[in-house]
Amino acid sequence: MAAMMMRQKVAGAIAGERRSAVAPKMGRAATAPVVVASANASAFKGAAVTARVKASTRAARVQSRRTAVLTQAKIGDSLAEFLVEATPDPKLRHVMMSMAEATRTIAHKVRTASCAGTACVNSFGDEQLAVDMVADKLLFEALKYSHVCKLACSEEVPEPVDMGGEGFCVAFDPLDGSSSSDTNFAVGTIFGVWPGDKLTNITGREQVAAGMGIYGPRTVFCIALKDAPGCHEFLLMDDGKWMHVKETTHIGEGKMFAPGNLRATFDNPAYERLINFYLGEKYTLRYTGGIVPDLFQIIVKEKGVFTNLTSPTTKAKLRILFEVAPLALLIEKAGGASSCDGKAVSALDIPILVCDQRTQICYGSIGEVRRFEEYMYGTSPRFSEKVVA
C-alpha cells in the first residue's frame, strides 16, 4: 500500500509539473528571412544568402532561448516552473520532482514517526533509527517510480540498487542528524545526482544536480543544477506546493563559524590555531551539530565557514558520496568554496573510489576557505591572495 501511494504521489508530481510549468516566456515574433541580392545576382546566389540568413536567425533564436532559460527563473515560481526554466532535460526535472515529493513526505514523517532505535546498525556502524529507515524507504520508492533513475544508494543501503530506470544515479543520506530529532533540532536529507550508470570512480564535479531538504520550523528544499546559475531555496507552503523564495549567487565575508569535531584540536595544532583565530577575532559561533542546518545557514546568511577536521586520534566521519560532494556543489554554486581530503583542492575534484570514502572538509566563503588552507597547509594555491592573520 505504501509503495502504491508513493507511486501515485510521484506520478501526480510529474503530472502537475506538466500542467503547471509553462514554457519560458520570450519574444516569439517571427523574423522574415532577408534576401540580399543585387540586380545582377542570380537566383542561386539569392537562395544561398537566404539560407545563410535563415541559419543565422535560427542560431540566434536558439541562443536566445538558452539565455532565457538561465535568466527567467524568478522568486515566486513553483518548483515545477523553475525546473522548466532552469533545464531543458525532462528526465532531470523528473528526478528532482521525485526527490521533492519524497522530501515533502519525509517532513511529515519527521514530525510524527518514532525516534527510537531499531536495535540494528548500518554497514558503516551507525545506529539506525526508525525515522532513518522511513526516510530511506521513501526516497528509494520515489526514485524507483520516477523511471529515470538507474542506480541509487544511501548511507543506510550503501551498495547500489538497480532502480529499473535510465538516465541518472542518485546517492543520498536520508536523514542526516537524525540522532538529534528527539531533541527537535533541525535535520535534513542530502542527495547528489550523477549522469550515467555508476556511483564509483566518479567525482563530485560530474554531478548534474544536488540538493538538501531541511526539516525545521520550516520545510525547505534547497537545490543547485550544474548548468544553471545559483543555489535555490524552495519553501513548502500550506497547500503542499514548493515556492521559490531565494536565490544565492554570492557568499561574502562575515565572522560566523561552525566548527565541527573540536576534539581534533587536542592533537591537531594547526586546527587549534585556526579555532583560536576565530575566537580572537570574535567570530559568532553558530553550530548545531548537524551538517545540513550548519551548511544551509552559510547559504542563507551568505557568509561564514564550516569546518570538520581530523587528527591522529579522531578519524574522518563525513562521506564524500553521500554528504561532502553534494553539499560542495550547493556551496560552490552559491558562490562559496570547499577544501577537502587534507589537500588544498575542491571537494568536487576528489575521485570517489568507494561508497564509504571519508574526508575532512571546510566549506564557506572564498576568503574563509583560503584562510583555512593557509592555516592548515601553509598555502592556498587555488586563490591568489594570501590571508593576513
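The backbone N, Cα and C atoms fix where each Cβ goes, and this holds for glycine too.
Here Swiss-Prot flags Cys115-Cys120 as disulfide bond.
If you look up Swiss-Prot, you'll see Asp126, Glu155 marked as Mg(2+) 1 binding site, on the strength of sequence analysis. Counted within 10 Å of its Cβ, the other Cβ atoms near Glu155 (Mg(2+) 1 binding site) come to 25, all protein chains included.
The annotation Mg(2+) 2 binding site is assigned in Swiss-Prot to Glu155, Asp173, Leu175 on the grounds of sequence analysis.
Swiss-Prot lists Asp173, Asp176, Glu323 with the feature Mg(2+) 3 binding site, giving sequence analysis as the kind of evidence. Within the same chain, residues at least six positions away from Asp173 (Mg(2+) 2 binding site) with a Cβ under 8 Å of its Cβ are Ser154, Glu155, Thr189, Ile190, Phe191, Arg319, Phe322, Glu323. In three-state terms derived from DSSP, Asp173 (Mg(2+) 2 binding site) belongs to an extended strand segment.
Feature annotation from Swiss-Prot assigns substrate binding site to Asp176, Gly177, Ser178, Ser179, Tyr287, Lys317; the stated evidence is similarity to another entry. Secondary structure at Ser178 (substrate binding site), as computed by DSSP, is helix. In this view, Ser178 (substrate binding site) is surrounded by 25 other Cβ atoms within 10 Å of its Cβ, with every protein chain counted.
Taking the centre of the Cβ atoms of Asp173, Asp176, Glu323 as the Mg(2+) 3 site, the nearby residues of that chain (Cβ within 8 Å, site residues left out) are Glu155, Phe172, Gly177, Gly188, Thr189, Ile190, Ile291, Val292, Leu318, Arg319, Phe322.
You'll find the Cα of Lys317 (substrate binding site) roughly 15 Å from the Cα of Leu175 (Mg(2+) 2 binding site). Tyr287 (substrate binding site) falls outside any helix or strand according to DSSP and counts as coil.
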